[in-house]
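Structure record follows, encoded as structure tokens.
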Amino acid sequence: MHSLQTETLSMPMEQQQQLNIEDGSRTQRAEWVLNSPEPPGLCHEIVSSIKSAVFPNGSKHSSSSTKQTRSTAAGVVSFLHGLFPILTWGRNYKATKFRNDLMAGLTLASLSIPQSIGYATLANLEPQYGLYTSVVPPLIYALMGSSREIAIGPVAVVSLLLSSMIQNVVDPVANAVAYRKLVLTVTFFAGTFQFIFGLFRLGFLVDFLSHAAIVGFMGGAAIVIGLQQLKGLLGISHFPTKTDVVSVLEAVFRSLHHQWYPLNFVLGCSFLIFILFTRFIGRRNKKLFWLPAIAPLISVVLSTAIVFLTKADEHGVKIVKHIKRGLNPISAHELQFSGQHVGQAAKIGLVSAIVALTEAIAVGRSFASIRGYHLDGNKEMVAMGFMNIAGSLTSCYVATGSFSRTAVNFSAGCETVVSNIVMAIAVLISLELLTRLLYFTPIAILASIILSALPGLIDIPEAYHIWKVDKMDFLACAGAFFGVLFGSVEIGLVAAVTISFAKIILNSIRPSVEGLGKLPGTNIFCDINQYPMAIKTPGILIVRINSGLLCFANANFVRERIMKRVTEKDEEGKENSKERTQAVILDMSTVMNIDTSGICALQEVYNKLVSHNIHLAVANPRWQVIHKLKLAKVVDKIGRDWIFFSVGEAVDACSSKMVNFSSC
């Protein structure tokens, strides 16, 4: 576009020279924007993501043929160190650290053994499958994981998720073998999805479950899990497959009118009180952290002894009975990749993968921040995926990081993931030697152990904090909570993701278009509504698009808002010709990318402004934006001399071109 025709005012020669120098510098900086190199394409981004996942530490390959072998070896070493972090920190591992890890691992095992049995029953599997899941996945994670504190194994939420979704496909009672095979297949798919997420840097998919949604989902799941334990706590034989509150409470009230055995309730509540009391003592006295950790194991031992000595199982107390002893059996032959349920297994695997990753990364990062180190989410996904794939081949179901056990591991003074190795070996020994002793373990005790772990999943203060800070976030929290509570786990997840998506879409399609002014005494331009002291420039309208992406979803909205601001400014300047809009400066510093719809919207804005004899200037367009504007010939249409490095330079240039406002 042609420059504005203005009258040149007489001024001293030195001042004229200074202005010429400033114009030259401004033009040079504008050329930096216009002549920036071509940004990387999609293929380059994908290759770079894979390369950074495979070679996280980077690898420098020399072009010299004499160094080719050495470079290849360095690349292999870098790959192995990235894939197996134990190769890096293992070289500096000392005996003092092992002593702490040994104590932490044994403490962790005392909690993991009873919890694993309980979570297996929650997943509608035989008790030994919970123990299997506490052996292989922790060992794999110890080799590939980067979190020092996380405790790997079965968890309540994932166990509930699997049981509630898979039992809709296969009945766990009528066809236990088919149910188990489907669980293992789901575990394989979950691990595969997790591995792919990590390899291709798709960690953002997990972020669709926002923090608020996770708080609500965990709280609702905790209540549902607690209600499920009424079956074991009351000794109820017939329990609904539905997990919603109404169905469960109806079943409980119906069963109370029939024969039930109060001894189960007395035994379970007694040890639940004992476990909660030890936890209270442990919180009051940090030196007794080990007491609440071993309380579940003590409860199992004492209750088993009581049932055995009193023969309470003959008087209605339900017991675990047979637990298969021995190492994890190979289960590769049980995976089903053909048949009518493969699609459903993949779908459940995807949901399980996301929920498991969300919990693991959340707990891992929280404890990593306490210890002062960074946790790479993508590397964690690769480790989690590989351990669940290996787990599906060795009779394990979906494993992830446990909040309660990780807290115990941290309090016990763990130094590295060696505590997971110690825990896995301890569980392995119990599988070989102690399963017969668990025959008389009451189901009510397992229910009480699960119930004791649930308060940590219900975070009422955080829910109140979310309500106080962001009402839209609280809506996602409440949607997930009530969806799980009165619908199902799947409905809760769908509600959480839907509301989170709605929030993202709402913010994307209706971005703010701010009017900017200059703060007194500075060269900073800010929103005039947030900073009322900001000074408007006569004859120039400065607007900023507050959106990372100018695309089909928001292009029309942005165009209308820009033109509305132009109209409003013209209405204000009707009485004063100097206030009439002569130039619009579009600050695009926050727009990271643009699509063809966004480009069309900019062209429409330009055409409308030209029809009103108003000039359009673009300030600080980002890399992808200026590249696409050049490809679309928009830069040529606007004029290269109307593209600027910053808003301040755009204002100075427009002001210098409008010496006589009345003549413009």
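Quick reminder: no glycine exception, Cβ is built from N, Cα and C everywhere.
Nobody curates TrEMBL annotations by hand; they come from automatic prediction.
What TrEMBL records for 72-90 (among others) is transmembrane segment.
Residues or ranges marked as transmembrane segment by TrEMBL: 150-170 (among others).
Per TrEMBL, transmembrane segment is recorded for 182-202 (among others).
Proximity of distant same-chain residues to the transmembrane segment (208-227), defined by a Cβ-Cβ separation under 8 Å and at least 6 residues beyond the stretch ends, is recorded for 122, 156-157, 160-161, 243-245, 248-249, 252, 354-355, 358, 362, 450-451, 454-455, 457-460, 462-463, 466, 470, 473-474, 476-485, 489, 492-493, 496-497, 499-501, 503. Under the heading transmembrane segment, TrEMBL lists 208-227 (among others).
The transmembrane segment annotation in TrEMBL covers 263-282 (among others). Residues 232-235, 288-293, 295-296, 298-299, 302-303, 306, 312, 315-318, 442-445, 447-449, 451-452 of the same chain lie 6 or more positions beyond the ends of the transmembrane segment (263-282) yet place their CB under 8 Å from a CB of it.
Counting same-chain residues at least six beyond the ends of the transmembrane segment (288-309), those with a Cβ under 8 angstroms from any Cβ of the stretch are 107-108, 110-111, 113-115, 267, 271, 274-275, 278-279, 281-282, 317, 319, 408, 411-412, 437-438, 440-442, 444-445, 448-449, 452. The feature transmembrane segment is assigned by TrEMBL to 288-309 (among others).
The transmembrane segment annotation in TrEMBL covers 381-400 (among others). Outside the transmembrane segment (381-400), and at least 6 residues removed from its termini, the chain residues within Cβ reach (under 8 Å) are 53, 83, 123, 125, 129, 132-138, 140-141, 144-146, 152-155, 158-159, 162, 183-188, 190-199, 203, 328-332, 335, 352-353, 356-357, 359-361.
Within the chain, the transmembrane segment (406-430) has long-range Cβ neighbours (under 8 A, six or more residues past its boundaries) at 86, 89, 93, 97-98, 100-109, 111-113, 116, 131, 134-136, 138-139, 141-142, 145, 147-152, 286, 289-290, 292-293, 327, 363-364, 367, 370, 456. The annotation transmembrane segment is assigned in TrEMBL to 406-430 (among others).
Listed by sequence, the residues of this chain that lie at least six past the ends of the transmembrane segment (437-458) yet keep a Cβ under 8 A from its Cβ atoms are 114-115, 117-119, 121-122, 127, 156-157, 218-219, 221-223, 225-226, 229-233, 235, 264-265, 267-269, 271-272, 275-276, 279, 296, 299-300, 303-304, 307-308, 312-313, 317-323, 403-404, 407. Summarising the annotation, TrEMBL assigns transmembrane segment to 437-458 (among others).
What TrEMBL records for 478-502 (among others) is transmembrane segment.
Annotation comment: TrEMBL describes 547-654 as domain 'STAS'.
Comparing 72-90, 150-170, 182-202 for CB pairs under 8 angstroms to the transmembrane segment (478-502), the maximum falls on 150-170. The average pLDDT the prediction assigns to the domain 'STAS' (547-654) is 89. Long-range contacts of the transmembrane segment (150-170) within the same chain: residues 108, 112, 115-116, 119-120, 122-124, 130, 133-134, 137-138, 141, 178-179, 182-183, 186, 217-218, 221-222, 224-225, 228, 241, 243, 341, 344, 348, 351-352, 355-356, 359-360, 363-364, 367, 387, 397-403, 405-406, 408-409, 417, 419-420, 423, 450, 453-454, 457, 488-490, each at least 6 residues beyond the stretch ends and with a Cβ under 8 Å from a Cβ of the stretch. In the domain 'STAS' (547-654), the DSSP tally of helix, strand and coil residues is 62 helix, 16 strand, 30 coil.
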